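All remarks here apply to the structure that follows.
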Amino acid sequence: MAKTLFQDKVPHPFNDSHLSQSKPIVVIGTSTGGPRALQYVLGSLPSEFPAPVLIVQHMPAGFTNSLAHRLNMAAPMRVKEAEHGEILENGTAYITPGNYHLRLKAAGKTLLVDLNQTDRVNGHRPSVDVLMESVARLTDYQPVAVIMTGMGTDGWKGIEKLKQANRHAYVIAEARESCVVYGMPKAVVSRRLHNAMVSVDAIGKTILDVIRV
């Protein structure tokens, strides 16, 4: 049953001159238990979702493409493995390939995928922190960051930088009750970096509420 345990007042884009001119972008980080959690979340977002969705799922090389394929078959929106140099499109979810970090590069009014194999961060490649820090450097975007079930603490440092760089960043943490492993969300919640803490089956609705779909 969907449960909201904590939620700040959701910013309304039409009541804020900055948000009304900003483009939404969703960034998701997860690890152990992530494939099932992603199915819940992406299954709740419409095919015409007005933002790109970037995903880091801790997973070895060779497995992320099959994950993207399975999620694409199950979700209303398009899901694919991210490719170096491609332009992000609204209504598409991009899974970071195993053994690569994903950063975003601004190119005029578009965003490009930058895949690289720089050193592991927090023992991971891909790392949630790397992607979140990349989003923190973007201007003219309204980021919604989601941290879900997973072992360890990857993600909180990047989310901290995201919130320092963009006061409109909205952070959703998965509640302990629905996590397979309450590690990554706990690292965010314990530092009070979250705006909402909800069960996995309420994350999609919360995202929609924030960007007012």
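The first residue you see is number 1, and the count goes up from there.
Cβ coordinates come from backbone N, Cα and C, glycine included.
For 19-213, the entry in TrEMBL reads domain 'CheB-type methylesterase'. For the domain 'CheB-type methylesterase' (19-213), the model's average pLDDT works out to 96.
Listed in sequence order, Q57, H58, T149, G150, M151, G152, D154, V181, G183, M184 are the same-chain residues at least 6 apart in sequence whose CB falls under 8 Å from the CB of S31 (active site). According to TrEMBL, the feature active site maps to S31 (among others).
Secondary structure from DSSP puts H58 (active site) in coil. Residues annotated as active site in TrEMBL: H58 (among others).
Neighbour density for D154 (active site): within 10 A of its CB lie 27 other CB atoms from the protein chains shown. Mapped onto three states, the DSSP output places D154 (active site) in coil. The active site annotation in TrEMBL covers D154 (among others).
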